[in-house]
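Residues annotated as active site in Swiss-Prot: Asp371. The ATP binding site annotation in Swiss-Prot covers Ala315, Pro316, Gly317, Ile318, Lys319, Gly320, Met321, Lys336.
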Amino acid sequence: MQQPLEQAVAETILQRFESFYSRFLEITQGSKSRFENSDWLGVQLAGRERIRLYDHHVGATTALIKQMMGEHHATQELLKRVKGAFSDLLPRCDNFEVAESFFNSVYRRIFRHRNIRDENLYIHPFRSRGEHPDLSALLRVYRTDLTHLPQTLSQMLGDYSFTLPYEDKQRDIVDIHRHLAENGPQILHEEPFAIELLKEVFYRNKGAYLVGLIRVKGQVFPFILPLLSTGQSIYVDTVIFEPELASIVVGFARAYFMVYAPVPALFVVFLRQIMPHKPDYEIYNAIGCQKHGKTELYRHYQQHLAQSREQFVIAPGIKGMVMSVFTLPSYDVVFKVIKDEFTPPKDVSHEQVRAKYRLVKQHDRVGRMADTQEFTNFEFPLDRISPELLAELKTVAPSALTITSDKLVIKHLYTERKMIPLNLYLDKADEQQTRLALEEYGNAIKQLAAANIFPGDMLFKNFGVTRHGRVVFYDYDEICYMTECNFRQIPPPRYPEDEWSAEPWYSVAPNDIFPEEFATFLLQKPQVREIMMQLHKEMFDANYWKMLQSNIKVGVFEDVYPYRRKKRFKFQRGG
């Protein structure tokens with residue numbers, strides 16, 4: 001007897017999801033070998049391939065479903081029955097949370113993101129794991145105290161096998177023990193404790209991370225050991241037990257971790273314990289499930305919307321030439337809409353802007369570029385849109401809007417973590433805050449450049465300050481690869497009057513960049529000039545940028561750590 005069409009379609013979607021996630025895990029599993037072999041180019045290529053997997057599989061699944069439906073076509077009634085059949089299949093799927101998101105993506109793709117009915121989507125989770133799912137199979141647990149910690153650490157490091165030996169395991173054990181004894185929570189001196197470590201290693205860039213927590217007397221502290229490779233051996237770079245630093249390590253401005261997680265929801269439950277203030281969607285993003293992170297973000301947004309009463313407003317700061325940005329004051333996210341026409345002198349197309357955002361999604365963000373999510377036909381309650389914001393959107397992006405009696409629907413937008421624009425931060429900062437922010441700003445530009453990203457527009461308004469005081473770039477319409485730039489020094493004037501001319505006395509090609517000119521628009525305030533020239537003088541010299549380009553061209557991958565240099569054991573030992 002032939003299966004009902006809805007049953008066949010539901011089973012096909014689930015099979016295609018399982019095929020996608022199997023390939024996702026296969027790419028992830030290669031991380032250990034890439035780390036052991038210092039295959040840093042392979043790390044980048046694998047990251048890009050894994051990000052592209054989801055859309056590829058959703059597209060192929062959508063095409064197959066349309067073929068299966070044939071003359072029946074995809075009606076809302078049929079898709080409602082498909083969802084019912086899919087829900088019946090979910091109990092057999094361990095990774096049902098991400099499977100729901102995959103179903104949503106296929107449904108939206110079939111209807112080209114139009115005439116979407118919430119009841120045919122998994123707006124709310126269909127299944128729940130309960131508040132306290134069993135995590136024991138994921139963990140190694142070590143019960144110890146500060147006196148016996150060295151023996152525990154020796155066992156712990158031995159439990160994680162690599163083909164490379166430790167450079168000096170005993171030295172690393174001494175460093176971890178010393179650092180925890182001198183700087184760790186005081187309660188570790190007073191009580192025995194348990195260290196719970198995830199069995200699976202987290203890989204990102206040049207690092208491998210053992211990720212876990214310390215549990216003592218009802219309190220929980222992070223316990224993260226970053227491992228680095230010399231090419232011949234590995235070593236522990238530091239120990240992280242500070243909640244703020246753990247949150248930065250699993251940050252929204254970094255490349256996604258590669259961690260073998262057949263059931264990512266269980267990893268999220270565990271990580272939530274050491275980062276209770278980080279929303280689930282950011283944790284899903286961090287472990288590479290960014291498409292399900294998008295689902296979780298939407299659910300988080302809906303929940304916040306229901307619990308708040310204020311209106312969406314234009315975001316603080318200087319208005320962008322390419323984007324109109326707005327936010328809900330109590331919500332930690334901004335919404336960015338591409339304008340219909342760009343403010344001169346911007347000379348890019350809509351498709352070029354979207355291509356830049358795709359580039360950022362697939363590139364190593366080195367902790368300095370905010371992650372984004374892209375939405376189509378995003379709905380807002382009309383009565384929650386302030387009159388000023390509605391007038392602004394009608395003026396700058398009318399083609400992106402559909403307005404009904406009770407809804408504002410925006411055809412296309414990006415979401416991004418809310419930060420304080422650096423220019424606004426500097427306006428209110430004292431001398432110490434200014435110095436730290438400018439140090440961060442210069443470091444952000446240098447680290448992006450070392451990762452082959454030139455920001456293009458380096459004005460302070462295009463950078464944000466996070467709650468942890470880090471400076472992150474968030475305006476992508478002018479970014480390009482460093483290797484595409486032609487850094488030049490300004491030629492000397494031919495005649496004295498050249499310096500007073502409104503036009504340059506030298507030819508300028510489209511990709512020509514003159515770092516000396518950065519000072520003109522960045523260093524207008526004497527205090528800023530003084531600090532920048534102390535900390536980042538080389539940024540204004542074309543030779544510095546050419547040197548970075550040379551490193552990139554010969555395959556030098558710079559070390560970028562998600563913690564300050566003084567946190568590294570090597571630095572503490574005077575190395």
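Using N, Cα and C of the backbone, Cβ positions are placed for all residues, glycine too.
Here the features listed in Swiss-Prot are placed on the structure.
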{"residue": "Ala315", "record": "ATP binding site", "DSSP class": "coil"}
{"residue": "Gly320", "record": "ATP binding site", "DSSP class": "coil"}
{"residue": "Lys336", "record": "ATP binding site", "DSSP class": "strand"}
{"residue": "Asp371", "record": "active site", "DSSP class": "coil"}
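The most densely surrounded of the binding-site residues Ile318, Met321 is Met321 (count of other Cβ atoms within 10 A of its Cβ). Taking all protein chains in view, 23 other C-beta atoms sit within 10 angstroms of the C-beta of the residue listed as 'active site'. When each of the binding-site residues Pro316, Gly320 is scored by how many other Cβ atoms sit within 10 Å of its Cβ, Pro316 comes out lowest. With a 10 A radius on its CB, Ala315 (ATP binding site) counts 19 other CB atoms from all the protein chains. Of all residue pairs in Ala315, Pro316, Gly317, Ile318, Lys319, Gly320, Met321, Lys336, the annotated binders of ATP, the farthest apart have Cα atoms separated by 15 Å. With a cut-off of 8 Å between CB atoms and residues at least 6 apart in sequence, the same chain places Val325, Pro421, Asn423, Leu424, Lys461 near Gly317 (ATP binding site), listed in sequence order. Cα to Cα, the residue listed as 'active site' and Lys336 (ATP binding site) are separated by 13 Å. Sequence-distant contacts (6 or more apart, same chain, Cβ under 8 Å) of Lys319 (ATP binding site) comprise Val325. Contacts of Lys336 (ATP binding site) defined by a Cβ separation under 8 A and a same-chain sequence distance of 6+ are given as Met323, Ser324, Val325, Thr372, Leu413, Tyr414, Thr415, Glu416, in order along the sequence.
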